[in-house]
Amino acid sequence: MNGRLKSVGLALLAPAIAIVLSILVTTLVIAAVGSSPGEFWSTMFEVPKPRLRVDIVNQTAMIYIAAVAAAIGFRMGLFNIGLEGQYTIASFSAATFAGAAYLGGFANVAASLVVAMVVGAAWAGIAGVLRATRGVSEVISTIMLNAIAVTLVGYFLNNYGVKEGNSVHTKNLPSGTTLGGWSPFEDRDGDIWALAIVAVLVGVGFWALLNKTRFGFDLRASGQSESAALASGINPKRMIVISMMLSGAVAGLIWMPALFGGARNYGTSFQVGLGFLGIAVALLGRNRPIGMLFGALLFAFLSVKSNDLTFGTDVSPSIVQITQGVAVLAVVVTYEVVRRWRTRLEQRAVSRELTATTGATA
Amino acid sequence: MSAATAQRSTIVERLTKSWLYIGLIGIGVVSFVRIITDTDDLTGAGTIRAAIIATCPILAAALGGLWAERAGVVNIGLEGQMILGTWGAAFFTYHYGPWVGILGAALLGLVGGLLHAIATVTFGVDHIVSGVAINLIGAGAATYLAEAVFPEYEGGGPRQLNGLEAPAQVTIPGVSDLANTISDQHWFFVSDVASVIQALTTNISTLSLLIFALVIISALVLWRTSFGLRLRSCGENPQAAETLGVNVYLYKYVAVLISGALAGIGGGFLALVASSGFSTGQTGGRGYIGLAAMIFGNWRPGGLLAGALTFGYTDSLRLRDTQSVHSLLLLVAIGLLMFAAWRACRKQVKGALVVAAAGALVMAWFLLTDSVPREFTVMTPYVTTMFVLALGSQRLRMPAADGKSYRRGSAG
């Protein structure tokens with residue numbers, strides 16, 4: 001019991017240090033440019049208004065889906081930096097499909113989600129296949145695929161999209177297939193999007209997959225030691241392609257809550273950067289379903305609450321990007337330090353016990 | 001002794017000869033395509049000038065990547081360091097003039113490099129993870145600092161700072177005019193060479209010259225000095241280097257700091273030379289393209305120069321007319337077919353067929369259309385890199401311990 005408590009304490013130590021560190025750096029940066037850190041923190045820590053609370057929940061959902069997508073790769077030892085490209089091209093495809101209204105009502109929504117997953121999986125699959133067959137680092141290929149996805153979507157949008165003033169977007173969803181959501185406060189405060197539930201499903205699914213299935217075991221095994229996995233009959237190449245595609249399929253869902261909730265088309269309302277936030281949150285939450293939930297909530301809170309800064313203070317909202325970045329860097333560094341420290345503690349404990357037993361027998 | 005010198009001279013001879021031939025054939029093909037398709041813009045001095053400007057930031061980032069990876073540290077954070085560089089250049093140029101501005105760009109990039117070095121070298125964090133975090137921090141810091149500082153400046157706003165003084169430009173009087181006259185004749189081969197000379201001798205930014213010089217300096221330092229040898233040994237086999245008394249951590253730190261500074265200079269180039277001021281999001285992924293150019297160039301200075309020039313050239317054509325981009329297709333097709341023939345000569349039948357098929361496809365694309373959508377040119381560097389990686393990954397050789405975490409004392 002004591003040992004368990006200690007290990008939980010050690011696990012929480014790293015994020016705690018990281019948060020303190022990022023608060024410190026943010027404060028210093030704000031003070032360095034001559035603004036007031038006190039005002040900044042008091043604005044940030046005010047209880048958010050109902051409207052912002054709704055936004056925080058919605059953003060948490062999307063960031064969480066992205067984090068799970070990243071974590072699937074991480075647990076396998078793959079670095080899927082291409083979430084950004086995967087969800088861009090998947091969101092565009094799903095929005096185009098949904099806008100074309102081949103199906104009506106709920107069937108349209110379901111089919112569009114499938115389209116998003118398939119496209120995301122296919123786009124990630126390119127990197128997976130290149131890695132498995134040609135040994136191309138997935139980091140480099142997904143960076144390239146990100147750029148290609150963004151330009152490709154731009155091309156299709158400019159040539160086949162609906163032009164409206166200066167902006168271009170895909171066809172609006174037919175009126176029967178927007179899902180709206182649930183408004184916990186007054187109507188003007190907005191809805192929690194119906195598809196935010198996808199985040200819950202993805203989170204539970206991720207937990208069950210890793211801990212309750214053969215595939216999850218294979219995935220974790222390959223991530224920890226490829227040779228051990230190979231020895232126990234796992235085909236590493238197959239695992240690379242499958243887990244990459246799985247990661248891409250989940251990535252395809254990232255923006256779906258917004259599409260069917262508020263956006264209704266792919267255009268200026270498309271939110272970029274969720275992929276990189278997802279990677280950051282996966283790192284912050286140690287690829288654990290619960291850890292990532294807290295990470296996603298923290299990042300969503302920072303991003304949404306920073307909107308208040310424009311009214312009360314002279315600090316610009318982009319400061320929270322520094323806070324987020326520092327938090328990620330600090331958390332990975334402190335995890336590493338804690339890990340080394342823990343190893344040393346264990347080594348010491350083992351040597352103590354060894355000397356004790358040998359001393360007794362002698 | 002004499003045998004060694006003899007052997008050495010033949011190697012030098014062979015290398016320079018083969019490069020010379022490849023270069024001559026390359027210019028010949030470009031010139032041929034220019035005349036066939038009647039697009040003088042393909043090698044016009046204006047195009048070459050634009051290409052040089054587009055090449056420099058990519059080249060600086062690629063060099064940064066080279067320094068870090070030769071010491072065994074993968075630096076995905078180049079993009080973030082470059083972004084920091086754009087802000088540094090703007091801030092310091094505004095106050096102290098362009099040359100201090102470039103130093104400022106290097107300094108800000110160096111700070112990004114320092115973060116990366118602390119995380120990866122001292123704490124052994126995964127290099128990619130640290131790089132991603134640095135990109136987040138770099139983008140956030142530049143955006144925030146711009147919004148906090150620049151609105152009060154003359155010509156500034158929350159997202160930009162215009163009217164910055166650029167570094168001086170150089171013109172070599174006699175050569176420039178002569179080259180201009182020759183290139184206006186549009187002769188086969190001669191005029192194409194003349195436009196390159198004209199672009200290099202007319203109103204070329206001193207910062208461009210500096211970045212080109214840095215390629216040569218980097219090559220000499222890394223491959224011709226004992227410092228460079230030790231630095232590269234940290235990238236190939238840090239344990240072995242340690243047993244020989246090399247301070248691996250120190251060399252890795254130096255390499256990553258230089259890497260960040262070079263990426264920062266690339267960012268500075270974007271703010272001071274490529275455009276007349278700072279704007280948020282100015283780098284547009286050029287740090288990543290630099291990384292791609294370095295891989296394309298097989299972790300070698302000459303190779304990354306070729307990669308950066310290729311990417312810079314396509315990037316500059318995009319800004320000019322679509323006609324010349326279209327004739328570029330013919331160029332690519334001929335290039336691919338020649339490469340296929342070369343492979344066939346070496347009896348690599350399968351590879352030759354694949355490349356020939358690709359060449360035929362591009363040729364068909366050229367013959368069946370009149371223009372190339374702008375977006376496709378934007379994609380070129382990325383698609384090229386994917387192909388090079390997919391087809392040539394067996395022949396690419398990165399430093400043996402690249403991207404691996406190393407701890408002092410692990411050599412035992």
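The backbone N, Cα and C atoms fix where each Cβ goes, glycine too.
Bear in mind that the values here come from a model prediction, so they are computed numbers and not experimental data.
Sequence annotations record features per position, and here TrEMBL assigns transmembrane segment to A:12-36 (among others). Under 8 Å from some Cβ of the transmembrane segment (A:12-36) lie the Cβ atoms of residues 284, 313-315, 319, 322-324, 326-327, 330-331, 334-335, 337-338, all in the same chain and six or more residues away from its ends.
Residues or ranges marked as transmembrane segment by TrEMBL: A:56-74 (among others). Within the same chain, residues 48, 80, 83, 86-87, 192-193, 195-196, 198-199, 202-203, 206, 219, 223, 243-244, 246-248, 250-251, 253-255, 257-258, 261, 271, 274-275, 277-279, 281-283, 285, 287, 289, 292-293, 295-297, 299-301, 303-305 sit at least 6 positions outside the transmembrane segment (A:56-74) and bring their C-beta atoms closer than 8 Å to a C-beta of that stretch.
Feature annotation from TrEMBL assigns transmembrane segment to A:86-103 (among others).
What TrEMBL records for A:109-130 (among others) is transmembrane segment.
According to TrEMBL, the feature transmembrane segment maps to A:139-157 (among others). For the transmembrane segment (A:139-157), the list of distant contacts is 79-82, 84-86, 88-89, 92, 96, 123-124, 126-127, 130-131, 168-170, 266-267: same-chain residues at least six beyond its ends, Cβ to Cβ under 8 Å.
Tertiary proximity for the transmembrane segment (A:192-210) is limited to same-chain residues at least six positions away from its ends with a CB under 8 Å from its CB atoms, namely 54, 57-58, 60-62, 64-65, 68, 71-72, 75, 113, 179-184, 216, 219-220, 250, 253, 256-258, 260-262, 289, 292-293. The annotation transmembrane segment is assigned in TrEMBL to A:192-210 (among others).
Note on the transmembrane segment (A:240-260): residues 58, 61-62, 65-66, 68-70, 72-73, 76, 78, 80, 82-83, 86-87, 90-91, 94-95, 98, 109, 112-113, 116-125, 127-129, 131-132, 138, 173, 177-179, 193-196, 198-199, 202, 219, 222, 266, 269-271, 274-275, 278 of its chain, located 6 or more positions outside it, place their CB under 8 angstroms from a CB of the stretch. The annotation transmembrane segment is assigned in TrEMBL to A:240-260 (among others).
Under the heading transmembrane segment, TrEMBL lists A:266-283 (among others). Residues 62-71, 74, 80-88, 91-92, 95-96, 157, 161, 167-170, 251, 254-255, 258-259, 292, 295-296, 299, 324-325, 327-328, 331-332 of the same chain lie 6 or more positions beyond the ends of the transmembrane segment (A:266-283) yet place their CB under 8 Å from a CB of it.
For A:290-306 (among others), the entry in TrEMBL reads transmembrane segment.
Taken from TrEMBL, the feature transmembrane segment applies to A:318-338 (among others).
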Tertiary contacts of the transmembrane segment (A:318-338) (same chain, 6+ residues out, Cβ under 8 Å): 10, 13-15, 17-19, 21-23, 25-26, 29-30, 40, 277, 280, 283-284, 286, 298-299, 302-303, 305-306, 309
